[in-house]
There are 2 protein chains.
Amino acid sequence: MKEKLTLIKVGGKIVEEETTLYKLLDDFAAIEGYKVLVHGGGRSATKLAERLGIESHMVNGRRITDAETLKVVTMVYGGLVNKNIVAGLQARGVNALGLTGADMDVIRSVKRPVKDIDYGFVGDVKQVNAMLLGDLIAKGVVPVMAPLTHDGEGHMLNTNADTIAGETAKALSALFDVTLVYCFEKKGVLRDENDDDSVIPTINQVEFHQLVADGVIQGGMIPKLENSFEALEAGVSEVVITLASAINEQGGTRIRK
Amino acid sequence: MKEKLTLIKVGGKIVEEETTLYKLLDDFAAIEGYKVLVHGGGRSATKLAERLGIESHMVNGRRITDAETLKVVTMVYGGLVNKNIVAGLQARGVNALGLTGADMDVIRSVKRPVKDIDYGFVGDVKQVNAMLLGDLIAKGVVPVMAPLTHDGEGHMLNTNADTIAGETAKALSALFDVTLVYCFEKKGVLRDENDDDSVIPTINQVEFHQLVADGVIQGGMIPKLENSFEALEAGVSEVVITLASAINEQGGTRIRK
């Protein structure tokens, strides 16, 4: 039987403010068994870009990444945010290892083809190499993954953290019994968006289609859940959508096949 | 018998300009056997600090590292410069892994005690954990080390790249037959500082003391050579001081016990 592994994805907001970061690090350190952390960092990137006089352009929630912006996100995601988390986890007894997709060729991407929009140096994940990663995890190392990959031709690529979490969870599910946890600004998927306590405790694929048909689930939550079902189909055991402050609790919405 | 490992230390100047960086990456990729790269990045840090309106203060060639400067060097060394090298090596078929001392707790330091000068968040290396590093190297992974360590209490520390190279070489010499190569702006240790071709091919400890007594070796080269002999005493097989562009040639100055 495969051993349990928890892969937590947290957005930039959580890891960029000291109070929420420290709480997250404490909670993450308390998770038993094998684990992986995937983080964002968009707010810090926007702030640094501003200070450098580089304009941030977002389209559909994605950052247009020109050469200057790529330098900014490489510095912020791969350097500042990642190493801050790694040092914080080491202080809590977690043997963290900060990674981008370029490190040990863990995640290789292709530069997003230009259709209507030129996103610039943005990567679409092509391949996750989980072998060395799996070895390290089995030795007690805890990967901390920044939202950056590479193209195998010498270029870093800005890459969506949700995608990195999903693709890494899928690849690791060949070696571990993986629970993928998406931290979210709400307690879970809500039946009524105006009622924070109306969390739907579990959703399977049949229920999902019904909830979409009924208009209960809409907007950005639809692709999030579609990605979750895709991860489950690819071998991930469970996907949880919950508050970052509740990763050690039984709450949130559990997505199951 | 231990297997050969070459540890190359290059300064910031080499890795921060495209032409010299690409030449270095090609040369480094061509080195046979196990290898490690340690890099600087000071010029890029100074440039970024300037753009952010942060003044750079240097004392005895060391950067005074206040909280803002620590963020800058963490971004530049751990993010921009390190990941650029890692992606460039991956493109050349080298399975590079970018590391700071915080990653896998590879190098732990103490914040330099304040005596005459307060260097701020600068680390003096206390301990190198070569075990996991050695395992990875034996699996074909090539560590690329940024001049940053941590204190085990959640803080990153700015750390001299020469020191990181020396201490890592010493620790790895328990597992490998280590040659430590310091890349330098001259062809080696010169008998006559005005004659670039007056390279002293080999220096042992007795010769070193004589060359210092004769005034041939002076200034910053004295501590560099003292550190080299210390590394040799601690188990490193050979220390080479040479041009970055000549790491695959037999030139330079070879320091032996």
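A Cβ is built for glycine as well, from the same backbone N, Cα and C atoms used for every other residue.
Summary of the site annotation: TrEMBL records substrate binding at B:Gly41, B:Gly42, B:Asn158. Screening the candidates B:Arg51, B:Arg63 against this entry identifies B:Arg63 as the one listed for that site. Close to the recorded substrate site, the chain also has B:Gly12, B:Gly40, B:Ala45, B:Thr46, B:Thr65, B:Val73, B:Val76, B:Tyr77, B:Pro147: residues not among B:Gly41, B:Gly42, B:Arg63, B:Asn158 whose Cβ is within 8 Å of the site's Cβ mean position. Shown in sequence order, B:Asp162, B:Tyr182, B:Ile241 are the residues of the chain, 6+ apart in sequence, with a C-beta less than 8 angstroms from the C-beta of B:Lys224 (site 'Transition state stabilizer').
The least crowded of the binding-site residues B:Gly41, B:Gly42, judged by other CB atoms within 10 A of its own CB, is B:Gly42. Comparing B:Asn158 (substrate binding site) with B:Lys9 (site 'Transition state stabilizer'), their Cα atoms are 16 Å apart once rounded. For the pair formed by B:Gly42 (substrate binding site) and B:Lys9 (site 'Transition state stabilizer'), distance between Cα atoms is given as 14 Å, rounded to the nearest Å.
On a Cα basis, B:Lys9 (site 'Transition state stabilizer') lies 19 Å away from B:Arg63 (substrate binding site).
Across the residues annotated as binding substrate (B:Gly41, B:Gly42, B:Arg63, B:Asn158), the widest Cα-Cα separation comes to 12 Å.
Neighbour count (other Cβ atoms within 10 Å of the Cβ, all protein chains): 23 for B:Arg63 (substrate binding site).
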